[in-house]
Amino acid sequence: MGFNINIIGTGGTRPLHNRYLSSVLIEYNGDNFLFDCGEGTQMSLRKQKISWQKIKMICITHLHADHITGLLGIVMLMSQSGETRKDPLIIAGPVGIKNYTKNNIDMLKIYTNYEIIYKEIIIDKTEKIIYEDKTKKIEYTRLKHSIECVGYLFIEKDKPGKFNTEKAEELNIPKGPIRKTLQDGKEILINGKIIKPSEILGKSKKGLKVAYITDTGYFKELIQQIKNFNLVIIESTFKNELKKEADKKLHLTAGGAANIVKQAKVLQTGLIHFSERYTLRKDLENLLKEAKLEYPDGEIFLTKDGMRLEANKNNFIIK
């Protein structure tokens with residue numbers, strides 16, 4: 001339970017023996033949300049002892065192979081774990097995600113014993129919120145890549161302040177569901193008097209905001225979308241010396257990624273989606289150095305396969 005982030009993979013293009021393709025799983029009070037699902041994702045999930053059966057929603061950024069080729073394996077395994085899945089699986093992504101998944105399920109005769117709900121995103125037309133419940137919501141944001149691509153914003157809703165029991169007794173508010181109504185942020189009527197939540201509840205606690213951003217070139221609109229986020233996991237595909245190649249392929253350098261989060265005043269930044277050419281630890285450390293040179297006041301770190309981050313007040317602690 002709680003609010004945790006698991007780094008499933010950190011690479012780009014193809015999986016390496018020590019680095020799977022970029023994928024992140026967010027756990028929130030028993031609900032699991034998987035972002036991207038490249039080749040080998042199920043292997044990394046197994047290594048980290050994370051059950052694919054508990055995945056509520058899979059959000060795909062775009063239809064390039066290194067972000068989607070592991071999806072069908074997860075879909076298949078959910079019907080082969082010895083237990084029947086009770087809840088539907090939600091699969092979200094840009095236009096084409098439904099045809100890709102359904103056509104392959106039919107062609108490969110993949111058996112599924114559960115419902116799949118598709119949420120195709122028509123960029124700038126589809127409602128920004130693609131998932132929402134009482135405690136959280138997920139929004140998409142347009143990215144700048146060679147094909148239609150989106151980033152995802154996982155937003156924890158503000159938590160109500162502490163319930164003032166003494167004040168409730170003073171106002172003759174009976175125990176039970178009516179107090180819960182106030183805690184849910186709704187007004188109540190007692191003896192002809194309207195009582196607002198603000199009269200009973202203390203100051204609310206701001207929810208945490210997490211963004212998953214890959215693949216994209218630099219563009220100003222993104223800065224506003226992730227303004228003041230608690231954590232942004234963002235691609236850092238190339239070293240600064242390869243900026244021309246990054247710009248051509250619509251990817252980010254380490255310095256480019258840091259420049260975006262610096263302008264957005266992001267509290268914590270995790271670098272991800274490392275080029276396959278960077279196989280040595282010192283190569284990755286150089287990416288980190290370049291990012292920190294651009295944003296020396298920011299808290300920037302390298303994500304690593306198997307890393308786990310746990311929410312702690314206004315930030316996340318690496319475990």
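Every residue gets a Cβ built from N, Cα and C, even glycine.
Bear in mind that the values here come from a model prediction, so they are computed numbers and not experimental data.
The Zn(2+) 1 binding site annotation in Swiss-Prot covers H62, H64, H145, D215 and is backed by sequence analysis. Per Swiss-Prot, active site, proton acceptor is recorded for D66, and the stated evidence type is sequence analysis. Feature annotation from Swiss-Prot assigns Zn(2+) 2 binding site to D66, H67, D215, H273.
Overlay of Swiss-Prot feature records on the structure.
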{"residue": "H62", "record": "Zn(2+) 1 binding site", "contacts (Cβ under 8 Å, 6+ apart)": "I68, G93, P94, L143, H145, I147, E148, C149, V150, D215"}
{"residue": "H64", "record": "Zn(2+) 1 binding site", "contacts (Cβ under 8 Å, 6+ apart)": "I147, D215"}
{"residue": "D66", "record": "active site, proton acceptor", "contacts (Cβ under 8 Å, 6+ apart)": "G11, G12, T13, R14, L21, S22, G38, E39"}
{"residue": "H67", "record": "Zn(2+) 2 binding site", "contacts (Cβ under 8 Å, 6+ apart)": "L21, S22, D36, C37, G38, I60, T61, T214, D215"}
{"residue": "H273", "record": "Zn(2+) 2 binding site", "contacts (Cβ under 8 Å, 6+ apart)": "T10, G11, G12, S22, T214, D215, E235, S236, T237, H251"}
Surrounding CB atoms that lie within 10 Å of the CB of D215 (Zn(2+) 1 binding site), all protein chains: 26
Secondary-structure category, per DSSP, in which H273 (Zn(2+) 2 binding site) falls: coil
Extra residues within 8 Å (Cβ to Cβ centroid of D66, H67, D215, H273), Zn(2+) 2: G12, T13, L21, S22, D36, G38, T61, H62, H64, T214, E235
Sorted by sequence, non-H62, H64, H145, D215 residues with Cβ within 8 Å of centre, Zn(2+) 1: T61, L63, H67, L143, S146, I147, C149, T214, T216, L250
For H145 (Zn(2+) 1 binding site), the number of other Cβ atoms found within 10 Å of its own Cβ: 18
